[in-house]
Amino acid sequence: MERGDDKGIPVRVALRCRPMAPKEMSEGCQMCLSFMPGEPQVVVGSNKPFTFDYVFDPSVEQEEVFNTAVAPLIRGIFKGYNATVLAYGQTGSGKTYSMGGTYTADQEHEPSVGVIPRVIKLLFQEKEQRQDWEFTLKVSYLEIYNEDILDLLCSSRERSSQISIRDDPKGSIKIVGLTERSVTCAQDTVTCLEQGNKSRTVGSTAMNSQSSRSHAIFTIYINQMKKTDKNSSFHCKLHLVDLAGSERQKKTKAEGDRLKEGININRGLLCLGNVISALGDENRKGGFVPYRDSKLTRLLQDSLGGNSHTLMIACISPADSNLEETLNTLRYADRARKIKNKPVVNLDPQAAELQQLKQQVQQLQVLLLQAHGGILPVSINSMAPSENLQSLMEKNQSLMEENQKLSQGLSEAAGQTAQLLERIILEEQENEKMNTQLEQLQHAVGKLDLQKLVETVEDEELKENLEVLCNLQQTLTELQSEKAAAVEAAALMVNSEEDGTAEAEMGQDNKRSSDDFSTQHALRQTQMSKELLELNKALALKEALAKKMTQNDSQLEPIQSQYQTNIKDLELKVSNLQKEKEELVLALQMAKKDVNQAKLSEQRQKRLQELEGQIGELKKKLNEQAKLLKLKEATESTVSKLNQEITEMKNQRVRLMRQMKDDAQKFRQWKQQKDKEVIQLKERDRKRHYEMLKLERDFQKQANVLRRKTEE
């Protein structure tokens, strides 16, 4: 990737004010905003000015908004930059109208067409003008409803549970499980947009009859490759975001589900505001940014402070009844202007690696010519001047020394980590024994509340026993907290080793064989520590699941025995009712022959219907209880499988610990041998130095004697 600007590019903000609504005019609302002609400035009331990159008053049409603010952003996509357009504002301020969230193909030539359809049209127009490039386009459409990600291009909502947010190895955000459809023309893209718009969650409130109840993100992925040069290729993405509006319950009069939706919307926007405040605060350089507080901020991580050109369209209402919300939106947008993004050209990984290799070849050619005293060409000479050779050699030497120190520190840290993890394993084994004993004790006392029993029991001996049980439970809790702290310390140790690994690998090619062995040992220890930590996490999850399922089984045991008793009773009742039914059928057949017993036969007919209804209900209950028994059997088989997996993982953990221990032992032996060799070499060097001094003194004496004889 190639950076566009090291200092960062600020987020651009376009302010758009909608016209007064008929309802606001009927209520006698007045304009509380004034716009400065020819200046991107708006004044709230009489003395509160705000300046943005673009300001559009209520008379501005959709086309002017798009051509002025959005179109330049879209053209940058074809240079390989990511882009984001997001609309923010109070509910009913015109966000969905501006973005085109309700667009259909019938509105193609209407002036009210929003940003998204115009972006699609411009995108394919620019694509047609670039005949020497090959393009591959895909689209996705999602909404965040009550903090759940829903796929709007999926025919059913069943896949919503499979959608998850992951970190890409390059640091960007990747959505796993989201539908991505390939499109070849504008019509295909509009069809996907229409399908997603029909699936969006909307509802009616007191402020807006068609209020968006979710945040929607329509994304277009673009891959472009030059036909004449396959190594020249870019890939980028365009996010078009329609945020749900911030709202107040006293104005929307929301109740039930609408109130719950509004709470979740405001929570997501609050998290977004915290991220904007953290990124826009100049005094918090390098501080923590709470991207993970909500799924909305997680998805917009690249757009805010990351690899993207971003435009925020802040939508406001001109009515004085919404003055407070309008001021909040203006302050929100003003903070967003302080965010510095760092967009880069998204090159294809293979093409970027090839370009990097070419640069390295050029630099090596420069060094080779300088070493042989050659005359460099002008273009190469300007790239790497000859006077930099000595500084490069010195820098290389210092990096090698630093690399040696880091490798030594890394190997020591790896040894400490192995010891720490070994202690954790031993503590876990002790903890498991304590858990087993406590479970036996809890099984013995049942589900009684020990604390209440201690307070109510008068017998001193029994009271002491109950206090012992309570102390055991507290001890187990302390052991579990110590275990969690130890695991966290091990994780921190492993993370610190990971931070040092990259620096330790910097001069690996130029080191001696002993340094190579030390570095490889440190890297092996780090890798095994990471594997052991992941194994511990997976083992803890499986143990928790098995324990929970076992507890559920123990709770279901009395219910199962009761169900078995009920099944027997129900079967007996069914057989009795069946007999009574057969007797009534015979009686009815006899009654049909006798005319005088017509009234009695009607009563028997009613009784027969009642019996059939009771038999049907009893059979339903029997089926339900049989299903519960089958479910319990399936749970027991799952628990047995989990226990087998846990045993296997524990054995694997023991094997890994032994391997780490053996590796550490071999390294210590090797280090001791090397230290002995170093001591011996130093001793030899000291003796040789002493002999040299002695020879120099003897030579000096002989020279003095020879000089005196010569003088005589």
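Keep in mind that glycine also has a Cβ here, set from the backbone N, Cα and C atoms.
Around the Cβ of K95 (ATP binding site), the same chain contributes A87, Y88, G89, G101, S212, D242, L243, G245, I313, C315, each under 8 angstroms and 6 or more positions distant in sequence. If you look up TrEMBL, you'll see G89, Q90, T91, G92, S93, G94, K95, T96 marked as ATP binding site.
Among the features that TrEMBL reports, coiled coil is placed at 389-451 (among others).
The coiled coil annotation in TrEMBL covers 560-659 (among others).
What TrEMBL records for 10-339 is domain 'Kinesin motor'. Over the domain 'Kinesin motor' (10-339), the average per-residue pLDDT in this prediction is 85.
Positions annotated as region 'Disordered' by TrEMBL: 498-517.
Other Cβ atoms within 10 Å of the Cβ of T91 (ATP binding site) number 25 in total over all chains. Within the same chain, the residues at least 6 positions away from G94 (ATP binding site) whose Cβ sits under 8 Å from its Cβ are R16, R18, C315, listed in sequence order.
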